[in-house]
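Asks: According to Swiss-Prot, the feature dCTP binding site maps to Arg110, Ser111, Ser112, Leu113, Ala114, Arg115, Asp128, Val136, Leu137, Glu138, Tyr171, Lys178, Gln182. Positions annotated as active site, proton donor/acceptor by Swiss-Prot, on the basis of sequence analysis: Glu138. Feature annotation from Swiss-Prot assigns region 'Disordered' to 169-195. Among the features that Swiss-Prot reports, compositional bias 'Basic and acidic residues' is placed at 169-179.
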Amino acid sequence: MRLCDTDIERYLDDGIISLTPRPNNDKINGATIDVRLGNSFRVFREHSAPFIDLSGPKEEVSAQLESVMSDEILIPEGEAFFLHPGTLALATTLESVKLPANIIGWLDGRSSLARLGLMVHVTAHRIDPGWEGKIVLEFYNSGKLPLALRPNMVIGALSFEVLSGEAKRPYSSRKDAKYKNQQSAVASRIDEDKE
């Protein structure tokens, strides 16, 4: 069952779901709560590797990933990060999210941004039960013009569903959880996948 705005407010008030900093109640609408853009970004370096062999030896995949990803880029308040057409970039939400073992979250981009060509979360929009940390956004500009993205702008909306019971292996307790407690635009850790 997806939570309505009344339940989202109650779950936040009772500490069942946590968003830090907590958005004002006027950012809770119908069945979602708005989240804002943080200031941490990472981009792919131009032409630094001919390809990434996703099923190759882990050491080679690690080296390839390291060679293509930039260091963290921190955008000062009031300044903009420019996402050019055909470009993929990683960023984070301003808010850190904490979910219990019986709630799953979903992140959706804003329709107004999609109409400009901005994909906010390319494929991975599920926030697992037991998640704790900022949400990394996978931005892609499929439009024709560069887009200026500024920290603190509303970038998407979270919704929540109560599971039929508590997850047996919530994200926070998994030893193989690659992005546990992430607070910055963490690059892919596909090289840490178990076989």
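Numbers here mean position along the shown chain, with the first residue as 1.
Any Cβ shown, glycine's included, is placed from N, Cα and C.
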Asks: Count, for each of the binding-site residues Ala114, Leu137, the other C-beta atoms lying within 10 angstroms of its own C-beta, and report the residue with the smallest count.
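Replies: With the binding-site residues Ala114, Leu137, fewest surrounding Cβ atoms within 10 Å: Ala114.
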Asks: Do me a favour and check the Cα-Cα span between Arg110 (dCTP binding site) and the residue listed as 'active site, proton donor/acceptor'; whole Å is fine.
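Replies: Counting only the Cα atoms, the answer is 14 Å.
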Asks: For Asp128 (dCTP binding site), what is the secondary structure state per DSSP, taken as helix, strand or coil?
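Replies: DSSP call for Asp128 (dCTP binding site): coil, neither helix nor strand.
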Asks: On the three-state reduction of DSSP, what should I expect for Arg110 (dCTP binding site)?
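Replies: Looking at the DSSP assignment, Arg110 (dCTP binding site) belongs to neither helix nor strand, so coil.
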Asks: Can you tell me which of the binding-site residues Ser112, Ala114, Asp128 is spatially closest to Glu138 (active site, proton donor/acceptor)? Compare CA atoms only.
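Replies: Comparing Cα positions, the candidate nearest Glu138 (active site, proton donor/acceptor) turns out to be Ala114.
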Asks: In the structure shown, which of the recorded positions Arg110, Ser112, Asp128, Glu138 has the fewest Cβ neighbours within 10 Å?
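Replies: Among the recorded positions Arg110, Ser112, Asp128, Glu138, the sparsest Cβ neighbourhood within 10 Å belongs to Ser112.
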Asks: Using DSSP and collapsing to three states, where does Leu137 (dCTP binding site) fall: helix, strand or coil?
Replies: strand
